[in-house]
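Asker: In case it helps, Swiss-Prot gives these features for our protein:
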BINDING   Asp19, His20, Gly21, Lys22, Ser23, Thr24, Asn136, Lys137, Ile138, Asp139  GTP binding site
DOMAIN    7-189  domain 'tr-type G'
Amino acid sequence: MASERQKKIRNFCIIAHIDHGKSTLADRLLEMTGVLTEREMEDQVLDTMEIERERGITIKAQAVRMVYKAKDGEEYILNLIDTPGHVDFNYEVSRSLAACEGAILVVDAAQGIEAQTLANVYLALDHDLEILPVINKIDLPSAQPDVVKKEIEDVIGLDASEAPLISAKNGINIEAVLESVVKNVPPPEGDENAPLRALIFDSYYDSYKGVIVYIRVKEGTLKLGDKVRMMYTNKEFTVTEIGYMKPGGLVPGTQLSAGEVGYFAASIKNVKDTRVGDTVTTADNPAKEPLPGYKKVNPMVFCGIYPADGSKYGDLRDALEKLQLNDASLTFEPESSVALGFGFRCGFLGLLHMEIIQERLEREFDFDLVTTAPSVIYKVTKTNGETLYIDNPTNLPPPAEIKTMEEPIVKATIMTPTEYVGNIMELAQERRGIYKDMTYIDEGRVMLTYELPLNEIIYDFFDALKSRTKGYASLDYEMLGYRESDLVKLDIMLNGEIVDALSFIVHREKAYARGRRIAEKLKEAIPRQQFEVPIQACIGGKIIARETVKAYRKDVLAKCYGGDITRKKKLLEKQKEGKKRMRQIGTVEVPQEAFMSVLKLDT
């Protein structure tokens, strides 16, 4: 049973599809409960990174404490845990949800339910959260609250008859949301006197205090000065500061008890010691079991990142280390390429994560970067029975040693207006998709389920999906596992030399078309030399496509007026010999633009 103190606490989060008004609603709740004065208000208070605001997405989880005086005259402590909404950060979302008892589901009155809304709702249901539907943007002329209510009931199976109709932008009916939280979200439970068990749902690095760890205390009490142990990493630290969060700052206190959400600092030097999902307990009276649900997050998408200016290699390492302080899911290791020099092989949770890291490197650290084509992890079984996981095409063993190759497969859920179903099916087939299911949500919208290779999604599937549906379709995907596939390594040779940065692993059916396109693109991008340069795409020893960059040549016959043909032949032969010798000793400089144009190929 919840104690008297716990009965006054509500821990909840807000889940929504991108652009349905999650951050705006959070702003209004903060304003309504007086956490922020109007002067302090700026849009999307909880999205602290510039990129978060620009793209209108939430990347890092945040947490805020509000005090609200309800209509029943009691004061309640409301802890809002802001979650990322994007599929790449799915694990972070699941840990943030595990720190709550309830979730506000924000649905746009004009758009209805979207793919990511569904994905997050299912996650919330997995954690047994009380879900409160809220219909936002009712001030829009195209709003259809009744249709959306019916959609919520039909698709998710939630009773939406009581759902507050609000406009977060104009501050309409916000109080109804707070009342609904107080009334419907169950208070936290947990014995304050039991051994401490607290869930880490986020952490970030502060250059003065070390790592600041965000926790939800499930059982027991954590006090200032306690010696704590992380149950998965087994590291021990002494708490130097403890308290709760408010926008733009921390409020130090003396202790956190079961049911509360707060933070602590303990002079921790590395974010890797405070893994999201880990359990914190005290060293002198440890809990027997950690909290369930911890997973080590593994990167899914890899690419090489190189500084355009080779002398900046050291600076790039420093920048990646700084980003890693706040982002334990980013991995990188040094690699070198004949074509691009020294750089790093970086691992990311997904495409959005990769784009954000690249953008932050370019924006916050002012780098000019060259990135190689993204690749996924392939599972290779060799003829001697050994299993390898390959994230870089250059590490692939020779074809004779490979018994089977498997690639990661995802389950993709696509929501679309009915008129675009044909286009989407065509796109999914082009990308080797396997059709699984199709459900009509209402007269105008359909939910399609496909199994697709991750390799086909990571280039530009999302862009292609948007362009074929005029921007109306939404996509969500989750990992299914590995499946055997007929994959080959496609190498590009310039002047007989393999260019390592342009190697790809590709499905055999697509290899010819891909090789042909790359060769054509390189032919346009590589400047002419004094000798002719053959560009060849090959699989193993077999050339599947070839283009030639023609040589510049001097007109050696200009000074021959008439005269014997053998004289002309002699001069041409001599020129040919010279070009041949030049070609043997010449090297081809590949300009940066040539790499970029190949990597931007529509795949």
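Every residue gets a Cβ built from N, Cα and C, even glycine.
Each of these features: where is it, how hidden is it, and who are its neighbours?
Answerer: Cβ neighbours within 10 Å of Gly21 (GTP binding site), excluding its own Cβ and spanning all shown chains: 23.
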Asker: Which residue, out of the binding-site residues Ser23, Asn136, shows the minimum number of other Cβ atoms inside 10 Å of its Cβ in this structure?
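Answerer: Among the binding-site residues Ser23, Asn136, the lowest count of other Cβ atoms within 10 Å belongs to Ser23.
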Asker: List every residue in the same chain as Ile138 (GTP binding site), at least 6 positions away in sequence, whose Cβ is under 8 Å from its Cβ.
Answerer: Ala109, Pro145, Leu165, Ile166, Ser167, Ile172
Asker: What does DSSP say about Ser23 (GTP binding site): helix, strand or coil?
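Answerer: Looking at the DSSP assignment, Ser23 (GTP binding site) belongs to a helix.
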